[in-house]
Amino acid sequence: MAPTTITALAKEKTLNLDFVRDEDERPKVAYNQFSNEIPIISLAGLDDDSDGRRPEICRKIVKACEDWGIFQVVDHGIDSGLISEMTRLSREFFALPAEEKLEYDTTGGKRGGFTISTVLQGDDAMDWREFVTYFSYPINARDYSRWPKKPEGWRSTTEVYSEKLMVLGAKLLEVLSEAMGLEKGDLTKACVDMEQKVLINYYPTCPQPDLTLGVRRHTDPGTITILLQDMVGGLQATRDGGKTWITVQPVEGAFVVNLGDHGHYLSNGRFRNADHQAVVNSTSSRLSIATFQNPAQNAIVYPLKIREGEKAILDEAITYAEMYKKCMTKHIEVATRKKLAKEKRLQDEKAKLEMKSKSADENLA
């Protein structure tokens with residue numbers, strides 16, 4: 001299937017079958033049924049060790065990471081005007097005509113640009129979203145030909161936004177390092193040379209949102225993800241393997257911080273890798289901007305501290321590139337097994353119907 005854009009499909013009365021998920025994967029909680037279980041942590045006073053705020057912030061982050069692997073931060077130092085401008089420009093990009101957005105399509109292995117939905121290898125349902133990706137750090141990784149030229153001001157604003165998020169990411173890594181009982185700079189050192197990828201998600205309104213997902217259930221592979229979401233709602237989290245879900249309460253100007261697989265392994269499993277998904281709705285489009293703070297490909301992945309009585313959750317040290325490959329292989333294997341099981345179930349149901357039909361014909365004869 002090659003839709004022009006998801007925005008175009010949003011005008012249909014029924015959901016295209018390529019986006020329909022199995023019943024057990026469909027949303028269990030509404031996009032706006034908000035929960036206050038994810039803590040909102042003020043970073044005010046973080047840079048001033050004299051007032052005792054830093055240890056208190058560390059304690060709150062420890063609890064959040066042990067419970068969910070997710071927390072929200074306010075008083076983070078990112079200018080509200082920059083946040084508003086980044087959000088405005090992002091919405092203006094997705095409002096462009098399809099042919100202008102498709103000038104930056106990522107087909108053919110292009111690195112960065114505009115993507116219409118995604119489907120995991122082995123999966124059989126697509127995500128209800130469009131997104132733009134750009135790689136901003138290290139700076140020599142930037143390919144400005146893949147950064148949209150419209151709307152005006154996109155490049156200059158995204159450069160500033162990326163720079164400010166790098167600073168915030170560095171602060172958060174220091175606090176997380178202390179929260180793990182390490183020296184302030186240990187987590188940053190373990191990343192070797194921090195990479196940054198920014199992914200801007202746009203979720204158009206959906207004709208049948210109860211049948212699909214904006215983004216399938218997953219964990220992020222990197223160290224941390226810093227997410228800016230609008231006030232619509234749709235980010236959901238689980239901590240019991242997907243049995244129950246909560247919708248994260250949007251907070252004006254806040255950033256949601258997710259711990260990724262890399263951070264989970266470095267903490268020796270003490271801190272959860274945030275298990276999350278995104279749902280959509282039929283009344284309001286939604287925008288979120290995810291900034292992935294990832295280690296270098298050659299960074300070594302192994303617990304930085306193993307507490308007394310614990311065992312390492314990894315058998316041996318591996319590189320981040322190897323860890324990423326293993327995680328993706330596992331996701332693909334799970335999706336493939338599920339797809340094959342579904343196909344077998346459908347075949348069995350078809351065979352039963354054929355048997356019933358044959359039996360009915362014999363009775364009539």
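Here the Cβ of each residue, glycine as well, is placed from N, Cα and C on the backbone.
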Which range of 72-92, 135-155, 345-365 is region 'Disordered', per Swiss-Prot: 345-365
Which of His76, His218, all binding-site residues, has a Cβ with the fewest other Cβ atoms inside 10 Å: His218
Residues satisfying Cβ distance under 8 Å from His276 (Fe cation binding site), sequence separation of at least 6: Ile70, Arg217, His218, Thr219, Leu235, Gln236, Ala237, Thr238, Asn258
Neighbour tally for Asp220 (Fe cation binding site), based on other Cβ positions within 10 Å of its Cβ: 24
Secondary structure of His76 (Fe cation binding site) (DSSP, helix/strand/coil): coil
